[in-house]
Amino acid sequence: MAKTVFTQKLLACILRPSAFKVAQCHRNFIHAGTNPTLHHLLRTGNLPEAQALLLRMIRKRGVSRPHLIDSLLAPSSHSHTNAIVFDLLIRTYVQARKLREASEAFRLLRQRGFAVSINASNALLGALVKVGWVDLAWAVYEDVVASGTTVNAFTLNIMVNAFCKEGRFDEVKVFLSQMEGRGVLSDVVTYNTLINAHCRQGNVCEAFELLNSMWGVGLKPGVFTYNAIINGLCKKGDYERARSVLDEMLGMGLSPDAASFNPLLVESCRKDDIREVEKVFDEMLRCGVVPDLISFGSVIGVFSRNGCFDKALDYFRKMKDTGLVADTVIYTILIDGYCRNGNVAEALNVRNEMVARGCVMDVVTYNTLLNGLCKGKMLGDADELFKEMVERGVFPDYYTLTTLIHGYCKDGNMSRALDLFETMTQRSLKPDVVTYNTLMDGFCRIGEMERAKELWCDMVSRGILPNHVSFSILINGFCSLGIMGEAFRVWDEMVEKGVKPTLVTCNTVIKGYLRTGNMSKANDFFNKMVLEGVSPDCITYNTLINGFVKEESFDRAFVLLNNMEEHGLLPDVITYNAILSGYCRQGRMREAEMVLRKMIDSGISPDRSTYTSLINGHVSLDNLKEAFRFHDEMLQRGFVPDDKF
């Protein structure tokens, strides 16, 4: 009979589809069909089917919460199932992640005098706190308390977590006291929540106080408790104390897990302490703990960063042997390792394996590979990868575009670099001083100082302050062209703005003077630089020695060589080659060979340039026998001569 009445009403709605009638029809459909079915399913214990039906109902468009609640009311003869239905309604909303709708339904039920069980209330509270809707969670909690519903330890722990999420630690004691008054006491979960939150905030002292309090109230800390403290100590940099906490944990007979060792591994890796990393990893295995992706990722990363890529690959193979499947992070570490070693082809192979295994390349993976391609001067491939990145919906970030700009600037393709710079501004990615420095350096390298100055002005107009690198780039640009007046104008501005000249900048100025043939000013600047506390390095001395040799002032060159050694700087092959080649150009081969012997006695091996100077020197004196002797020696050492003598 009910079905016949329902069918007639449905037909009436179809024949006269006014908005009011359609809505009325929809309500009738819910009342006539769903309500008895739902209550019947619950009475017969078919909870999964009942929840599936509720899920379909809450996903229907155009049904308001009040109408839905009305439709779910059981006939008076079966009203005892209402509480079960409304509990299930709140749980279903939560499982469907419709938390605002769940909160509204909860409020409406309370307004209409229906009780919601503490279990359903806890499900809603827990979900709200988890997604960070803490204010709404407190509003629901106050309704729960006002309704007289008996709260339990789950409620307590959820709301303690709410306090922790907002960092309201001072209010926790009052809340716990109120809960104690309601007969609900703190348990291990409560303490773990507080200890973990304090450790995340860096409040390790408070975490230890809570740990002591646990023992005081007869609660035994577990693995999670100690893991939280180990993690907190490592984040604070107190590695030794973290180690002692792990030892204490092991002494208590607790079985550590990967989360116990991972903070120690991560901290050791952060410090690039490879020896300690291996020690922790081996201890982990001795304790029967199976390393996870975080463990292997940390270890593979530290070896890769520190030039031990073969060892990184060994750990990658060990990871595979344990049955773990590499994720995007680990594949990205491997790609970076291959790129660092200049093996971009193998990095691309890893990318292909990664994609074949279903790992999604993220912006970090793309940036890593782009950086490798740009450093390898494979700009065509970099451009193709950039297009692929955009086509796959991975949005380029600041690092993506800065990497490409740097690559094209190094290649001298300033037009493409500027196009990418324009793309950067169009995408609202703010360029910073590094971006501007890269572009200015690119223009300085090709001698376009006006364009470099324009970029400087644009950078300043955007409120981006030049740093010591910015000043060094312009100074180097002007020095490279021998425009020393402009170079010192920038130098004076740098000093005026309180930016201290670096050794690199000073070396640039010395080279600039040498390019203009002004050795006297280069030497004066060197003396001034030393007086102002900038200590010269091998590059400084080599530049000046080379300058004096070119002026045939060998005595002054040797004074600098001795000065260099007195200051603890060891002359290198460049130093000796500068003096040796000077003697060879003058045909003073005896002195040249004396320099060669001194060089070898100092443990410096001659290179191709050394032999070329000696051969050319002997050839210029028609001493072909000696020239061929050095030619043969050169071949024996594995150097290929150019045979232009």
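Positions of Cβ are set from backbone N, Cα and C atoms, glycine also.
In the repeat 'PPR' (82-116), the DSSP tally of helix, strand and coil residues is 27 helix, 0 strand, 8 coil. Look at TrEMBL and you will find 82-116 (among others) tagged as repeat 'PPR'.
Listed as Cβ neighbours of the repeat 'PPR' (152-186) (distance under 8 Å, sequence separation of 6 or more from its ends, same chain) are residues 118, 121-122, 125-126, 129, 132, 134, 137-138, 141, 144, 193-194, 196-198, 201, 203, 206, 217. For 152-186 (among others), the entry in TrEMBL reads repeat 'PPR'.
Residue counts for the repeat 'PPR' (187-221) under DSSP (helix as H, G, I; strand as E, B; rest coil) come to 26 helix, 0 strand, 9 coil. Here TrEMBL flags 187-221 (among others) as repeat 'PPR'.
According to DSSP, the repeat 'PPR' (222-256) comprises 26 helix, 0 strand, 9 coil. The repeat 'PPR' annotation in TrEMBL covers 222-256 (among others).
TrEMBL lists 257-291 (among others) with the feature repeat 'PPR'. Each residue of the repeat 'PPR' (257-291) gets a DSSP state, and the totals for helix, strand and coil are 26 helix, 0 strand, 9 coil.
Among residues of the same chain six or more beyond the repeat 'PPR' (292-326), those with a C-beta under 8 A of the stretch's C-beta atoms are 258, 261-262, 265-266, 268-269, 272, 274, 277, 281, 284, 333-334, 336-338, 340-341, 354, 357, 359. Look at TrEMBL and you will find 292-326 (among others) tagged as repeat 'PPR'.
Taken through DSSP, the repeat 'PPR' (327-361) splits into 26 helix, 0 strand, 9 coil. Annotation source TrEMBL lists repeat 'PPR' at 327-361 (among others).
In the predicted model, the repeat 'PPR' (362-396) shows an average pLDDT of 94. Sequence annotations record features per position, and here TrEMBL assigns repeat 'PPR' to 362-396 (among others).
Distant neighbours of the repeat 'PPR' (397-431): 363, 366-367, 370-371, 373-375, 377, 379, 382-383, 386, 389, 438-439, 441-443, 445-446, 448, 451, 462, 464; these residues of the same chain sit at least 6 beyond its ends, with a Cβ under 8 Å from one of its Cβ atoms. Summarising the annotation, TrEMBL assigns repeat 'PPR' to 397-431 (among others).
Annotated repeat 'PPR' per TrEMBL: 432-466 (among others), in sequence order. Counting residues 6+ beyond its ends, the repeat 'PPR' (432-466) has Cβ neighbours under 8 Å at 398, 401-402, 405-406, 408-410, 412, 414, 417-418, 421, 424, 473-474, 476-478, 480-481, 483, 486, 497, 499 in the same chain.
Residues 538, 541-542, 545-546, 549-550, 552, 554, 557-558, 561, 564, 613-614, 616-618, 620-621, 623, 626, 637 of the same chain lie 6+ residues outside the repeat 'PPR' (572-606) yet bring a C-beta within less than 8 angstroms of a C-beta in it. Sequence annotations record features per position, and here TrEMBL assigns repeat 'PPR' to 572-606 (among others).
Across the repeat 'PPR' (607-641), DSSP classifies residues as 26 helix, 0 strand, 9 coil. Taken from TrEMBL, the feature repeat 'PPR' covers 607-641 (among others).
Here the repeat 'PPR' (397-431) is broken down by DSSP into helix, strand and coil counts: 26 helix, 0 strand, 9 coil.
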